[in-house]
Amino acid sequence: MPRSRCSSTSGLSSRSSCEDMGSTTPSTISRTLVSESTPLLPLKEPIYQGYTFSDVKEEIWETLHHAAPIFGTQILEYSLMLTSVISLGHISTEALAASALGTMTAGVTGLSIITGFACALDSLLPHAWTSGNSQHVGLWTQRMIVLLSMISVPIVLLWLNAESILLKLRQEPKVAHMAGMYLKWFVLSLPGQTVTVVARRFYQAQGRSHIPTIIMIFIAALNAFLSWLLVWGPEPFRLGFIGAPIASSISFDLMAIIYVIHAYWINSSEAWHPINHLCFQELGKLFRLGLSSTGQIASEWWCWEIVALAASQLGPIPLAAQSVLLTSANVVFMAPFSVSLATSIRVGNALGSGQARKAKLAAETAIGMSVFIAMLISATYMAFRKKWGYMFNDDQEVVNLVAHVLPFLALSQLFDCGTTIMDGVLRARGKLAFGAIVNMLSYYVFGIPVGISLAFWANFGLAGLWMGLSAAMFCSAIVSIAAVCVTDWDREVAKTRARLGQSDDDTGITV
């Protein structure tokens, strides 16, 4: 990848040093100065003249270096919920349905909002880490935890009254009762999930994505043991149905405690900020960023739930097939989402340190990576389409329907990977509202109405819903990629400094 050349002078002596984006430690960021050793002719091509093969290869490696531990963390965290589903699925059909309903309710009414607000940090932390005031990474992290703690209050009240709400939505009484009970215990995980989703970004912005992965390895193993112990274990510990949400709550809360202990007592990073009154300031700015980020993240999240509800109206076979397709999409989504987070960090670090060329290289490399990942995922689906359903279900009707609809899932992935990874670039640029508007228009104005029309009025069934999703993802991908391609990166550097409250003479963040 391109390397910026910098030099400094001290008296009659001079020295030059080079840095690349692989080292994002604030102390390594310096400004380019002219000295007697500065070459009269440029050592490399002008900023936007193009990149060498080694530039692109190194950028791909650095992005994957960030993305790999993020992917591991995502998979391990997904296993926390999957373990709960597997444990309850062997109790009864009602228990499985109740856990699915409870999990969906938690996602729509709480977790999507918390995750959406936390993603606003992708527009702040990577910039702050390389801007010269690295302690503001910790400060913005603390502010987000304060903000999410306040947002969690209505979420807690909603979850505690979930049973009555679900009954008003005409859910089956027994399932609604069990789902409400599930959420009453799962609410204990909310503090842990809040700290966890924020702490991951605290470490990722510093290029230390391996720390959340290491913690998750321990927590995933503990959660599997607790799920067995509290659901199926010996009589003194066996709690049955409620054992699953209790196990999840213990796991998430313990994970949060480990994060806090590591960040405060073990972490030697320059990113930690002393806890004081400053963490209660700038919450309005953070709330506005969080709303836009939530619109970007949650709008797509909620879309999948709407499609799931629509599939339930098609009958039990389409609903079972949709469950297989949705689970498959969720698992493979973690690959482009991990690259999206890594790209957001790379672009954000470059913008924060004023390196427009590196930001451009990171963004354009991400476009190429999105194409490769999309083609790989789609090819995998098509290669195993006849057998794919057997991994989840033995019902031949379900397997046949999965095989019929899987090409549309493969088609949607060609576009969804591009959208997901480009959303990471947009978050790094602070274009959260733009991403939210694109998603809302693509899914709710175009994709979902088209999908429902094809499914119910044109009698395409489940395939029609996925046709609508594919159309929405196509529109979103085209707009997102175009927005990245026309970016003026020098201007983005200036806008980043303004967003962080910086000027050319002040590298701090206004507090």
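Using the three backbone atoms N, Cα and C, a Cβ is placed for every residue, glycine included.
Whatever TrEMBL says is automated annotation, not expert-curated.
Pulled from TrEMBL:
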- 1-16: compositional bias 'Low complexity' (COMPBIAS)
- 1-29: region 'Disordered' (REGION)
- 144-162: transmembrane segment (TRANSMEM)
- 182-199: transmembrane segment (TRANSMEM)
- 211-231: transmembrane segment (TRANSMEM)
- 237-261: transmembrane segment (TRANSMEM)
- 324-345: transmembrane segment (TRANSMEM)
- 365-384: transmembrane segment (TRANSMEM)
- 432-458: transmembrane segment (TRANSMEM)
- 464-489: transmembrane segment (TRANSMEM)
**Prompt:** Looking only at residues six or more beyond either end of the transmembrane segment (237-261), which have a C-beta under 8 A from one in the stretch?
**Reply:** 80-81, 83-84, 87-88, 91, 95, 98-99, 102, 178, 181-183, 185-189, 191-196, 199, 212, 215-216, 218-219, 222-223, 226-227, 229-231
**Message:** Using a Cβ cut-off under 8 Å, which residues of the same chain at least 6 positions beyond either end of the transmembrane segment (365-384) come close to it?
**Reply:** 56, 59-60, 63, 328, 332, 335-336, 339-340, 343, 406-407, 409-411, 413-418, 420-422, 424-425, 481, 484-485
**Fill in**
The answer for the transmembrane segment (432-458), taking Cβ pairs under 8 Å and residues 6+ beyond its ends, is 119-120, 123, 289, 292-296, 299-300, 303, 306-307, 310, 313-314, 423, 426, 464-469, 471-473, 475-476, 479-480, 483
**Prompt:** Where else in the chain does the transmembrane segment (211-231) make close Cβ contacts, counting only residues six or more beyond its ends and a cut-off under 8 Å?
**Reply:** 69-70, 72-73, 76-77, 79-80, 83-84, 86-88, 91, 199-200, 203-204, 237-241, 243-244, 246-248, 250-251, 254-255, 258-259, 262
